[in-house]
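*Asks:* In case it's useful when we look at the structure, here is the feature table from TrEMBL:
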TRANSMEM  A:32-55  transmembrane segment
DOMAIN    A:217-429  domain 'ABC transmembrane type-1'
TRANSMEM  A:221-242  transmembrane segment
TRANSMEM  A:262-284  transmembrane segment
TRANSMEM  A:290-312  transmembrane segment
TRANSMEM  A:333-355  transmembrane segment
TRANSMEM  A:411-432  transmembrane segment
Amino acid sequence: MTDASQSGAHHRGSLLTVDARTRKRNAAEARFRYYGMAAILTGVAFLVVLAVSIVRSGLPAFTTMAVEVEFTLTAEQYADAEGQLFKTRAYEGYFNAAFEQQLQDRNVQAGFDPEAVNRIIGNTGATLRSFFLENEDLLGQPVTFNLPTSSRIDGYFKGRLLRENVTDSRFLEVSDLDLADELAEAGIIQSKFNWTFITGKDSGVDNPGGAGIGASVIGSFFMMLVVLFLSLPIGVAASIYLEEFAPKNRITDLIEVNISNLAAVPSIVFGILGLAVFIQFAHLPQSAPLVGGLVLTLMTLPTIIISTRASLKSVPPSIRDAALGVGASKMQAVFHHVLPLAMPGILTGTIIGLAQALGETAPLLLIGMVGFVAREYPDGLISGFMDPNSAMPAQIYTWAARSDGAFYEKAWGGIIILLVFLLAMNIIAILLRRRFERRW
Amino acid sequence: MPVFWLVMIVLAIAIGGYILGRGRALAGAGGDSRHLHSLPNYYGSNVAIKAVAPAFLLMIVWLIAQPIFVSSQVAGDLPDGIVADGSSMSLVMAEVRRTAEGINAAVASGAMSPEMASSGRADISDFTTRLQDAGQIVTATITQPILNAAQSYRAMNATGNLLMTGLVLLLALGGTVWGLRESYPEFRARNVVEASVRALLIAAASIAILTTIGIVLSLIFNTIEFFRIYPASDFFGSMTWSPSFQGNSQLGIWPLLWGTLYISIIALLVAVPIGLFAAIYLSEYASKNVRAFAKPAIEVLAGIPTIVYGLFALLTVGPLLMGVFGNDGLGWMQSGTAVMTAGLVMGIMLIPFVSSLSDDIINAVPQAMRDGSYGLGATKSETIRQVVLPAALPGIVGAILLAASRAIGETMIVVLGAGAAARLSLNPFDAMTTVTAKIVSQLTGDSDFASPEALVAFALGMTLFIITLGLNVFALYIVRKYREQYE
């Protein structure tokens, strides 16, 4: 009765020739595939653009244009300068005289102008004085000084500042650029590795050249110590309970739902929690790495618990059964056998959690760990935890929020350092996993 | 640091108890551990736990309760007229506390004798100068009631600390004796120790609950405080956001919510198509090699700290957009920080969230469904569009909701990339601001926590918390419900 071949809609076509409809379907198929490829390529392209712009904008932060000058201060000049009222100015006078002589020796054509030199390398007197006060034995000997140029000259050589945009001011005159160009040609202004950026502290708003990330790296380090020593034991204990001992009941359910929800709470809410509980209520000191560490601990705990539970789960039950079979208590089976076997996975998860915490910014801003408090290195263990300090990402934020373009370069440079730390942590995690991962 | 030393002493007692308890149990068994119920170490641990646990519990409770008790006592003793207009009890108490701490530091540095510090008839001006000489920051004038309050605050704290030290040490010793009396061979030491360890594990697991409670309480209390000084109807009803620290602030939430929503929508418009197609390609088309390279590469995007994205928005994407849409180009954009800038960059950040979750979900669709579709002659893309995606839809919606909750809670990208102006506008090239950005700006200033301008941040945080929590719970519900269908 119902014969398909009799219906009018029967498709007459050959398998050997492609008809219009099939062509259309095949085209749609290809298109769909290309959309997918395009999506992947877009994602990867974003990654590449991000990496390129970080490296391109950040690398200049690691170099600085410095004036290399050989300078000899005789003992008489030293005694004379120390005897004067304006000591640093006296040093500067001797320096300028020596510098002018050197320029003439090297055939630098541009006229020597002490004011211009001052604008290019700043006040040299204080640097020289503090150097010779500490190294009196070097008096009378030629000493090579690397004096960093002012941030504007630095920006000029790095392409941040264009000649067309320079207007004469007390910070920089257009003619200074000619002198700077000639100095660079004569090899007196050279590009040097910027140690200040690695080891320095945050500087004032008007001194981008002296800003360094060192102090906030230390702040981050102390925070990570707090996070490590709190979140690892607490996270492991919580996971052991939930995975091995917890009875299936309402309270366990409540805890589990809580953990998965906490993992998705915006980080800034943890900042509010830290502000209200640790600072307002418990009166812990503001801007202290200890408080930052506590907040980040609460934030990373869910991550660590989730990964720890996964690695506990991956230990086969036969291990537990064998331990119980030879008379171990349940607690002994877990602590003596399951936990050591799960340890590589737990450590991997912890390192990844720490890396996440290291890059977190928003909660730190709320508890006062902004960049400009990173003015001093802590002078001990307790001071490291309790004294106001910043952290790498907060320091980067502070630099990014300043209007001076020279700080942007520092911010990008800071990001390179932050990413190097993150990369190192992730590589350690991957190596740990490769080395100790066990397939049952 | 007396608390530090107290902890050390208690720990020393515990170690001593451990050695004694272990030895006593062994001696009771005639030196042969086979006659003991548990291993010798368990007897030692039993003593140590009994020494430490009650003592530390008391110490923690005491350390939390004492400041509250002392503060309320001192506050009760203050004369009535002390709270001036425009001030509050908490400010006065803060001053009392500061003065007391100043006196402590002055006594410690030797600038003030202990007798003078607690003398009720001390001369105020002399007191102030001595405090200032000792390098303590004191308000210009310490008034008599404040000084008296600070002195009684100090006295009560001193008695409290002394009492606590005594009681804690007593408890530690008592616990040791109790544990030692139990160190006989038949005692089931292991069971006791394991029960304590179990209690510790439970305590660690409940920190998650405590954190949630802490978040909720800190938000609720401060929000209530805020609504007490700023009417809730204005907060939810006003269309302008213009805080000013001279007072008279307009703190309407709608411009902020609109900014948050607008930026999130743009971010999702970027992230969802790219993430979804990436997931489809990775799970259905990609060869093993492509997958091994592309999947981690995209997931790297999720591991990059948000401050990096923020800087990328501010310094790379913003100027780029300005070149096209700014005054030199189409003229739609006034400055580099705009909804579009933040939205685009946030979209990039969200791609891996959408793609890896969707990837998992698409992979969970049973192969039999695909095979059935192929058997009917469908092409691969037809199978994906008409069979796999509809089957995976609830999960994908869940993934998108999770990404949306991420977008709403994201802070650094909008702080740096979206601008600071709160406005209700439809132009995506305008600068706008979000709930999270305003929380940061209201709480990082030097304002005191009692002003509505600072407290509003807690109300904003509450709103944020409720929205993201709702989205998460809903998303997890959908994902879970979907999983039940196939497993």
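Just so you know, glycine gets a Cβ as well, placed from its N, Cα and C.
Just so you know, TrEMBL annotations are computer predictions that nobody has curated.
Since the structure is predicted, the reported quantities are computational estimates derived from the model, not experimental observations.
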*Asks:* Quick one: do the transmembrane segment (A:333-355) and the transmembrane segment (A:221-242) reach 3+ CB pairs under 8 Å, ignoring pairs fewer than 6 apart in sequence?
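*Replies:* The answer is yes, given that the two segments have at least 3 Cβ pairs within the 8 Å cut-off.
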*Asks:* Does the transmembrane segment (A:411-432) reach the transmembrane segment (A:221-242) with at least 3 CB pairs under 8 A, where each pair is 6 or more residues apart?
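*Replies:* No, the transmembrane segment (A:411-432) does not contact the transmembrane segment (A:221-242).
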*Asks:* With CB pairs under 8 Å as the measure, which of the listed stretches A:32-55, A:221-242, A:262-284 comes out on top against the transmembrane segment (A:290-312)?
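*Replies:* Against the transmembrane segment (A:290-312), the leading stretch is A:221-242.
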*Asks:* Which residues, given as numbers and ranges, are at least 6 beyond the ends of the transmembrane segment (A:221-242) yet have a Cβ under 8 Å from it?
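*Replies:* For the transmembrane segment (A:221-242), the list is 252, 255-256, 289-290, 292-294, 296-297, 300-301, 304-305, 308-309, 312, 334, 339, 346, 350, 353-354, 357-358, 378, 384-385, 389, 391.
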